Amino acid sequence: MQWYFVASLLTILTSSQGILTTLSQSNGAYKYDYATVPFLAEVFKLAVSSLLLWKECKKSTLPKMTTEWKTVALYPIPSVIYLIHNNVQFATLTFVDTSTYQIMGNLKIVTTGILFRLFLGKRLSNLQWMAIVLLAVGTTTSQVRGCGEASCDSIFSAPIQGYTLGVLSACLSALAGIYTEFLMKKNNDSLYWQNVQLYTFGTIFNLARLIFDDFRGGFENGPWWQRIFNGYTITTWLVVLNLGSTGLLVSWLMKHADNIVKVYSTSMAMLLTMIVSLFLFNFKPTLQLFLGIIICMMSLHMYFAPPNMLLDMPLTVKPDEERLIEVSVDRRTHS
């Protein structure tokens, strides 16, 4: 399976995630406990990965599975990072508005590139660095509202705590992705075995959150297992399946591609969501959206296109042609 096919599928699923989540609301509110969605998505990913691992183990050649405690103990760390990241997200939104938070969220594009270089030791060319910065600029441009709106000034009027938490949120998001890629490429273990470990801890942490919410709310709505499916519709189940499938595709990209491919997929998904919203939610197109799409497409071409397509390479003369030129020159001198 080619990485660009998986990346394209990830773009489509990530784009539909926000649309399905919006459609799952009733009168602008959730009728279900949205904390159960990531829990069920983790259970779905764990079940699919376990099934695929079982099928892989039935083959004549057993897959490689490292069971040393030192290796297994590394797999809860991404869940811990994401847990901290989610709390930082909520804290950030207490200091800044939603539009400012979305714009600051694009910092994770640049921080991913920096951590990609520092922790994984991957070298990026100058053109690729320019492409990453352009991607951040393009996604930000598409989200900036017209300066005639009252919210335009709010981008630069948030307290320093909001900007600090926004940068921290971007760094944590990038760190979680980079660390996951490190785990996936650390050894030649089966992808499905690695997924089983990741999603086992992910399920445990999401279950812990449901239990914590029960105690914090004083069991007002009953324990989590009694209300887990309350308010669920077909659209809600599609949200769960979409979120779970997205996670499986991301893990495949972490194993066979890298974080930069994932960043491009999710960024393009954001633009695709805006385009689809034009038809589904009467979203009005803006000049900023069109400019953002153009900049992001330029960035995509700059990062993945071969260098000879981006630069005017000097014509090289083949050795046979050089001999012909020398012979012709010699003949002219002797004549």
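The backbone N, Cα and C atoms fix where each Cβ goes, and this holds for glycine too.
Automatic prediction, not curation, is the source of TrEMBL annotations.
What TrEMBL records for this protein:
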| type | residues | note |
| --- | --- | --- |
| SIGNAL | 1-18 | signal peptide |
| TRANSMEM | 34-54 | transmembrane segment |
| TRANSMEM | 74-95 | transmembrane segment |
| TRANSMEM | 101-120 | transmembrane segment |
| TRANSMEM | 127-144 | transmembrane segment |
| TRANSMEM | 164-184 | transmembrane segment |
| TRANSMEM | 196-212 | transmembrane segment |
| TRANSMEM | 232-254 | transmembrane segment |
| TRANSMEM | 261-281 | transmembrane segment |
| TRANSMEM | 287-305 | transmembrane segment |
Should the transmembrane segment (164-184) and the transmembrane segment (101-120) be scored as in contact, given a threshold of at least 3 Cβ pairs under 8 Å and pairs 6 or more apart?
yes
Between the transmembrane segment (34-54) and the transmembrane segment (127-144), are there three or more C-beta pairs closer than 8 Å, counting only pairs 6 or more apart along the chain?
no
Examine the transmembrane segment (196-212) against the transmembrane segment (287-305) and state whether at least 3 Cβ pairs sit under 8 A, considering only residue pairs 6 or more apart.
no
By Cβ distance under 8 Å, which residues at least 6 away from the ends of the transmembrane segment (74-95) in the same chain are close to it?
101, 104, 158-159, 161-162, 165-166, 168-169, 172-173, 175-176, 179-180, 183, 186, 194, 197-198, 200-202, 204-205, 209
